Amino acid sequence: MIYLEVVRLGRLLFRASEPWSITVTAVWPRVVLQGLFFTLLGQVLGLEEHAFAGALAITMLASTVVGVADVPMADKWNRTYSRLRLSEVHIPLVFALRTLPMILHGGMAVLLVWAVAGPVSGLTLEVLPTLPIYAVMLFSTTALGLAVVAQVVGHRADVFAGNAATWLVIACSGALVPHGRLPVLDAVGAVLPVRHGLDAVRSAMAGGPWLTPLLWEAAVGLGWALVAWLAYLWQGNRARRLGLDDYS
Amino acid sequence: MIFFAAMRHQMALMRASWQFLVLLGVLQPVVYLLIVLSSNPTAATVTAVMLMSFWGSTVWSGAGILRREKMEGTLAPTMLGVRDPRLVLLGKTTGASLLILVVISATVSLFLLLSGHAVVIAMPFWFAVGLALVAVTGTAAGFLLSCLFLLSRYGPQLSALAVAPVTLLSGLLIPVSVLPGWIQPLSWVINLRWVQEFLGGAARGAPDFTALGLGAVLTVVYFVLGAVAFERVAVLARKEGTLDLS
């Protein structure tokens, strides 16, 4: 029951920072325009379906990698971080449960861009069967976001960290920069979310095998989730030991 | 004098919060360059990347100036000070535009140098004139948006929304001709479109002075709209007392 309360609180916090009126009038139009931009940019560069699949993945990053930073940071700003340490629910689990609105928001963004930019790319139906793969990417990018913000929660670098991670994912995932252009991007992309997920999407669209890259995407997501979990636990233990837990 | 003091102050603030400079002035243009530079880049492509990055930076840095003043509790003293607050805001937006333009230009130049891409500017003087207009354009846009975003509690969401239509409709990386016919006229009121046409022409050796004129006129229009928006902010804050200054 307490877990449902955490989820409910996460939803309330999310809606307090972003009411429906702003979601509908500012956030969704931005999502659609951004998706159209990346889709059209891909067409101009001759990337075609390569770019549309990538544009859908990029769309979710603002909600997941960047957006989830607000989950731990809200407790820092409101000076309630230390209270969380007294909770019977582990801090990493509290944060994970509170990210559900962001994950749903990211999923909605993917669907919106698919619905609007899909006809522009002419790939609406081709991409439709691959949409469940994006659900795995929602999970893996959220895990990255939580792991990244965990490293900077004691500093004033949450905006930088989340956005820098987003640009890194865009550059290294193959969303718009094809594999093989720069070996270093491919190497970094292999341990970041989205890269393997997009491989799965593109392989599925071409009628090829998609399960192995999808499992890799899930593994990368689990890896980042583990990093986040350990980071928050370590911070909690350190805060209790050294009295550093108000972050003010 | 207050103008230059505000400009220097804004630059010092941005240097202190170097993370945003890295994010907006380095990472952003580098990723755009990685996306578009599949072959030998043209000068027009490079200037488009610069302007794309510049617009995103203007919205996040310049347009957030008043919002940041509000968060830090310095907006009320600025609005009620002896000096004209418009001069302060103008100085700060100019400082933000100049600094971010320098950082973006340095990043793009270094990237091209390291990646072995050469871009030839046929008419450097007119290209420099175009870049100066870019800085003024950023100041005007920052002035206008800074006032508008202060009027809402949801500045970050509105800032993000402001970036998207310009990147899509301005013809920077996506030619206007690719867009549906009924949307294309919207690009006429985006001054970056005309600045980009002028910069591209100057790089090719055929500067389009009509585009330069249109870009300059639109920049003046942005300034006028910014002045009107600022007046509204001032009335709400000082006369009606409905705008929270802290």
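Just so you know, the numbers here start at 1 and follow the chain as drawn.
In case you wondered, yes, glycine gets a Cβ from its N, Cα and C as well.
Any TrEMBL annotation is an automated prediction that lacks curation.
According to TrEMBL, the protein has these features:
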| type | residues | note |
| --- | --- | --- |
| DOMAIN | B:3-197 | domain 'ABC-2 type transporter transmembrane' |
| TRANSMEM | B:20-37 | transmembrane segment |
| TRANSMEM | B:43-66 | transmembrane segment |
| TRANSMEM | B:87-113 | transmembrane segment |
| TRANSMEM | B:125-151 | transmembrane segment |
| TRANSMEM | B:158-183 | transmembrane segment |
| TRANSMEM | B:209-230 | transmembrane segment |
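Outside the transmembrane segment (B:20-37), and at least 6 residues removed from its termini, the chain residues within Cβ reach (under 8 Å) are 14, 45-46, 48-50, 52-53, 56-57, 60-61, 99-100, 103-104, 107-108, 111, 115, 117, 173. Beyond the ends of the transmembrane segment (B:209-230), by six or more residues, the same chain brings 85-86, 89, 129-130, 133, 136-137, 140-141, 143-144, 146-148, 189-192, 194-195, 197-198, 201 to within a C-beta distance below 8 angstroms of the stretch. Sequence-distant contacts of the transmembrane segment (B:43-66) (same chain, six or more residues past either end, CB-CB distance under 8 Å): 10, 14, 20, 24-25, 28-29, 32-33, 36-37, 75, 89, 92-93, 96-97, 100-101, 104-105, 108, 112, 119-121, 134, 138-139, 141-143, 145-150, 155, 159, 162-163, 166-167, 170, 172-173, 192, 195-196, 199-200, 203-204, 233.
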